[in-house]
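Taking it in order: structure first as structure tokens, then the write-up.
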């Protein structure tokens, strides 16, 4: 908890909504956050209707988006919101003063170090274990944006075109952003409180009124092959996402206290509960923690869509897709049949950031490096590191099983169904087992939980990873290049980012071929 009352007020920003906090029995900072997000939703509609690119200049849109973002940040976090400006200002100075050859490395080091310093101070000096809204949350998103921007500038201004991957070519930035563009990208009201992260090119194209200009226009066509010219309305999608987010909030508030995660380490529970019942309870207790993330990320996505940001072309039936910067796919998460599918659909934009900044560029042990960077980015709680270190082992084991076992179950639909049921159950248990320290935060309770399971999944996954052969990553990439025909650049980017997008594009390509 905070050291004193004044400290708590400073952390939570404005106390204007204190009566609402007392009525709802929710922390003031969380009430401020939800109210600001609802105000951001209304502001997004106003921004799209009255500050549309056809009615005003990009300069005005940048200024308004930035000022609104800073106001919401001050309302939620008080003067701690100044950290957003300091972190952004420091890294912009680095971009200007250092050459494009090395700026991406310096920006990653400085942005991540500044974030880590703030996280360590908040955790170990002020309110260890206070799992609530805090000013380092928005800084995590800003860190992603700063580092993504630095790498994209490096790709666009320091590397040769032939050395870039298809995805890097699309996102590469060919000129240095102005100070206003930079702060607008980092601190705009659409994403300053909860994200999601987006690429700089996508954001600038949205501000200037041409959101698909640098992307493949194949997705912008109707089923009859004609290119659509009119801007689709996001209203239906916004209503759906807002309804989904508040349904998730209702579910969370209803069941979060029914299955407390802490009961998994209760001595009486461990001693008197059969192991199969412990497994079921673990699944239920972790299942009830997810709706709060669904609420936050779905509402954040709706805010961006309401402003007209997030359009991603049309699907094969001609309906507009508003998933360009979506952060999760709930059904794909709950019915994931592999560790990878779960991670591909959970916190999607963070996964993209880790992939583009670390995994694609790390020459040695990219999986381990990516999980370690993710742990450092998440914060200073030891439980985070236990979760991501466990995730390394489980990812390697899951990859080995998929490469060696799955082909034997693809001979018939019934065998495939059996495989899917087994891997769904195994995936859910593995995810829950991995994430427990992320919720418990501390080393002692986390180790107590793993000890109650005799470190079973750790041992089993290490044995699987060692016993089952898997080709090195560079050999797998070579095999994929041999098997896959040459396809549009945008298809490669979205196929690598999302399994669901891959399926939709495959359907669209098949439809096109049939027409031809």
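Residue 1 is the first one shown; counting continues down the chain.
Using N, Cα and C of the backbone, Cβ positions are placed for all residues, glycine too.
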Feature region 'Disordered' in TrEMBL, mapped to one of the ranges 445-480, 481-516: 481-516
Of 10-30, 31-51, the range TrEMBL labels transmembrane segment: 31-51
From 106-125, 126-145, the residue range that TrEMBL assigns the feature transmembrane segment: 106-125
Surrounding residues of the transmembrane segment (421-441) on its own chain - C-beta under 8 Å, 6+ positions past either end: 129, 131, 261-262, 264-265, 279, 282-283, 285-286, 289, 335-339, 341-342, 381-384, 386-387, 390-391, 394, 398, 449-450, 453, 457
Same-chain residues at least 6 beyond the ends of the transmembrane segment (31-51) whose Cβ lies under 8 Å from its Cβ atoms: 12-14, 17, 20-21, 24, 60-61, 64-65, 68, 72, 75-76, 133, 189-190, 193-194, 234, 238, 242, 299-300, 302-308
